[in-house]
Amino acid sequence: MALSPLNQRRWRNFKSNRRAYWSLWIFLILYGITLFSEFLANDVPIAVSYRGEIQYPIFQFYPETAYGGEFRTQADYRIPEVQCLIETGGVEWCLDDPEDALEQAAATGMVEGEEVYEGWLLWPPIPYSYDTINNIGGPAPSAPDADHWLGTDAAARDVLARVIYGFRLSVTFAFVVVAISSLIGIVAGAVQGFFGGLTDLIAQRLIELWGSVPSLYVIIIVAAIIPMNFWLLVVLMVLFSWTALVGVVRAEFLRARNFEYVRAARALGVSNARIMFRHLLPNAMVATVTMLPFIVTGAIATLATLDFLGFGLPASAPSLGNLTLQARQNLQAPWLGFTAFLTFALMLSLLVFVFEGIRDAFDPRKTFR
């Protein structure tokens, strides 16, 4: 569907802001990459060839017994025994001496007189997931090296893997919170501003009462009673963030509800809902878009703060706030602090640049030049 002439002008204005335009592309590329985190950083192979059959452990559960092993639990593809079983087609000698079995298979094509079926494992670029505890052969956290490009944290987990998953988690959390809270805030502000009078008076008093509730303390109390998870934290954030847009949307609707085109629409019998969201809301978008950067960055910062304080997501979750906490607790490991700081700086800077460009693109003074 083609864009309207107005939106085409807005898009041209946005593209003319090179900083915002390229920030958008960089952000989309980074976020798009993290959407496929399981293919980039995982302790499970993407694909396995076993006895001529191609399997995809990244999508499906395979017990160790499926490869000739002894346990019915999920195969640990990182241990030499399982890798040997897959690469030789389930030769039993792999359970006793995997290195010798692989040497015999490479030299003769047989192991202890048993025929070998050549197999292989296709690993992600980073063979660790965000919660993989690695045997690093020394104290943790460990400094960056060839195996762990950004080092490991205090639990011997790969920092780069946690940053990739953490970037996706933070941005997704912010977008979900902003989408839901913006929808509620816009509807509430539109109803108040359009109808005014007693409706506006009662709603404003209720919002003032709700806004006086200390949101951080409420979230901390809930976290102390109920185990926190992603969606519970989203609900709690939405409960206290939707009021941010009510004031600006209400002000725009109060200003525009007595314009001539609104009176004409009413005289023609156009429904209130159509007038509000078809004709008045587009005029309120500039003020709405102006507030979005603060809501998005606020959601990311709040998630990081709660995780830093220990009242956010579980400690095993790939949280940038948890990485910041570990940086404070391990001052002898500066790579943790640098990684957390640079990730936050890049993420928030790109988002602010993009939303600044969107705000300018919606500015009528620039759109109708």
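Cβ from N, Cα, C; glycine included.
Residues annotated as domain 'ABC transmembrane type-1' in TrEMBL: 167-359.
The transmembrane segment annotation in TrEMBL covers 20-41 (among others). Proximity of distant same-chain residues to the transmembrane segment (20-41), defined by a Cβ-Cβ separation under 8 Å and at least 6 residues beyond the stretch ends, is recorded for 14, 58, 124-126, 128-130, 158, 160-161, 164-165, 167-168, 171, 346, 349-351, 353-354, 356-358, 360.
The transmembrane segment annotation in TrEMBL covers 171-195 (among others). Panel annotation: around the transmembrane segment (171-195), residues 31, 34, 203-204, 207, 230, 233-234, 237-238, 241-254, 257, 272, 275-277, 280-281, 284, 288, 292, 295-297, 299-300, 303, 347 of the same chain, lying at least six beyond its termini, place a Cβ under 8 Å from a Cβ of the stretch.
The transmembrane segment annotation in TrEMBL covers 215-248 (among others).
Feature annotation from TrEMBL assigns transmembrane segment to 284-313 (among others).
Under the heading transmembrane segment, TrEMBL lists 333-355 (among others).
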